[in-house]
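What TrEMBL records for this protein:
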type	residues	note
BINDING	GLY135, ASN188, HIS189, VAL190, GLU191, PHE192, SER193, ARG194, ASP257	(6S)-NADPHX binding site
BINDING	228-232, 247-256	ATP binding site
DOMAIN	35-326	domain 'YjeF C-terminal'
Amino acid sequence: MALGPRCGAIRACRRVLERAFSLRKAHSIKDMENTLQLVRNIIPPLSSTKHKGQDGRIGVVGGCQEYTGAPYFAAISALKVGADLSHVFCASAAAPVIKAYSPELIVHPVLDSPNAVHEVEKWLPRLHALVVGPGLGRDDALLRNVQGILEVSKARDIPVVIDADGLWLVAQQPALIHGYRKAVLTPNHVEFSRLYDAVLRGPMDSDDSHGSVLRLSQALGNVTVVQKGERDILSNGQQVLVCSQEGSSRRCGGQGDLLSGSLGVLVHWALLAGPQKTNGSSPLLVAAFGACSLTRQCNHQAFQKHGRSTTTSDMIAEVGAAFSKLFET
Ligand SMILES: NC(=O)C1=CN([C@@H]2O[C@H](COP(=O)(O)OP(=O)(O)OC[C@H]3O[C@@H](n4cnc5c(N)ncnc54)[C@H](OP(=O)(O)O)[C@@H]3O)[C@@H](O)[C@H]2O)[C@@H](O)CC1
Ligand SMILES: Nc1ncnc2c1ncn2[C@@H]1O[C@H](COP(=O)(O)OP(=O)(O)OP(=O)(O)O)[C@@H](O)[C@H]1O
Ligand SMILES: [Mg+2]
């Protein structure tokens, strides 16, 4: 008998919590939809008056003897999202392999050459964005060349997406990208902790992921940071966005490469469109939100068809349909 009123109070409390939870969920769905609309605003129209190259010429810097899949995934994803030309600048051992995966990619076997920086720099006037790191590996000589490539790219104001082993390099030398407002970093869980440790000289607070991403971005001089995970958390040191587009539980390797390659194109489109099209939000943050949503939607669609056997190639086959569903509705 004495439990009666207490049970009532518990039920009432549960109702309040459920309502608060469903309101928060509804709010975040509304936020997601609003941000997706901003992504739609930056997508250039397809037009018969444009020439080849106008919708994007993207370069991927990565690929070594061990890793040939990652730069391929990034470069082909850029094309599938809508870039017109996609280049890969890789170590010589990786080049024939990447070329054999696809006739659609332009592959330069230059990253381990003594004049690698010059070999890449001569292409920079013709590129709109670089994706640095997929399948790069951690060989010191290659990383030194990539350091030089980042320096000349910054000097020419080329937007750079930095992922995978490119983030390893940035963790060794944060000054390389500090304050460069055209850089986006896309760390996974491990890469984020490593960067946070290196830049903020202490472990991150795992109970405050929003705060951690915000602080890392600020400490890097407002470089845009995308922390990938169960929910993707994005910040430019001022604003924090969360992408929880439904994906799946399948965690095959290469999904991050799809994300970084897509982001290369979206960053170019967002900067071209400018802040008036993104309603005052940072164009790079909007681009990053678009790439996260797209990758997760590809994962969702591929999983519906292939279940546990889903691989990144299956996700890449979904890019067209996922793009239409999210951005062309
Ligand atoms: N087909 C290809 O060519 C591909 C090539 N790739 C290329 O490989 C290179 C290395 O990149 P990487 O991502 O494997 O990084 P790396 O620092 O060695 O860490 C690996 C270890 O970290 C951990 N771990 C990871 N995520 C975690 C999480 N969420 N939460 C917790 N732990 C987590 C996990 O540790 P474990 O579970 O084994 O203890 C895992 O073994 C890079 O060039 C990249 O581009 C990839 O792009 C894939 C496709
Ligand atoms: N637990 C999760 N649930 C749902 N989606 C996730 C989860 N973890 C990562 N993702 C999504 O998978 C994509 C790639 O993130 P991931 O953390 O796997 O990158 P990565 O480790 O760099 O991948 P790669 O194997 O290409 O190196 C992102 O779009 C992210 O949103
Ligand atoms: Mg990765």
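Numbers run from 1 along the shown chain.
Cβ coordinates are placed from backbone N, Cα and C, and glycine is handled just like the others.
DSSP assigns GLY135 ((6S)-NADPHX binding site) to coil in the three-state reduction, outside any helix or strand. Closeness to ligand 3 is met by GLY256, these being the binding-site residues among HIS189, GLU191, SER193, GLU230, GLY256 whose Cβ falls under 6 Å from the molecule. Here the CA atom of SER248 (ATP binding site) lies 24 Å from the CA atom of GLY135 ((6S)-NADPHX binding site).
Proximity to ligand 1 at the level of Cβ atoms, with a cut-off under 6 angstroms, picks out HIS189, GLY254 from the binding-site residues HIS189, SER193, SER248, GLY254.
The distance from the Cα of GLU191 ((6S)-NADPHX binding site) to the Cα of LYS228 (ATP binding site) comes to 10 Å. Here SER193 ((6S)-NADPHX binding site) is positioned 15 angstrom away from ASP232 (ATP binding site), judged by their C-alpha atoms. When the binding-site residues HIS189, LYS228, ARG250 are scored by other C-beta atoms within 10 Å, LYS228 scores highest. Taken residue by residue with DSSP, ARG250 (ATP binding site) is part of neither helix nor strand, so it is coil. Proximity of the binding-site residues LYS228, SER248, GLY256 to ligand 2, judged by a Cβ distance under 6 angstroms to any of its atoms, singles out LYS228, GLY256 in sequence order. Here is what falls inside 10 Å of the CA of HIS189 ((6S)-NADPHX binding site) among the binding-site residues LYS228, SER248, ARG250, CYS252, GLY254, GLY256: LYS228. Sorted by the number of other CB atoms within 10 A, the binding-site residues GLY135, GLY254, GLY256 start with GLY254, the lowest. Annotation for CYS252 (ATP binding site): spatial neighbours THR310, THR311, THR312, criterion Cβ-Cβ under 8 Å with sequence separation of six or more. When every Cα pair among GLY135, ASN188, HIS189, VAL190, GLU191, PHE192, SER193, ARG194, ASP257 is compared, the largest distance found for this (6S)-NADPHX site is 20 Å.
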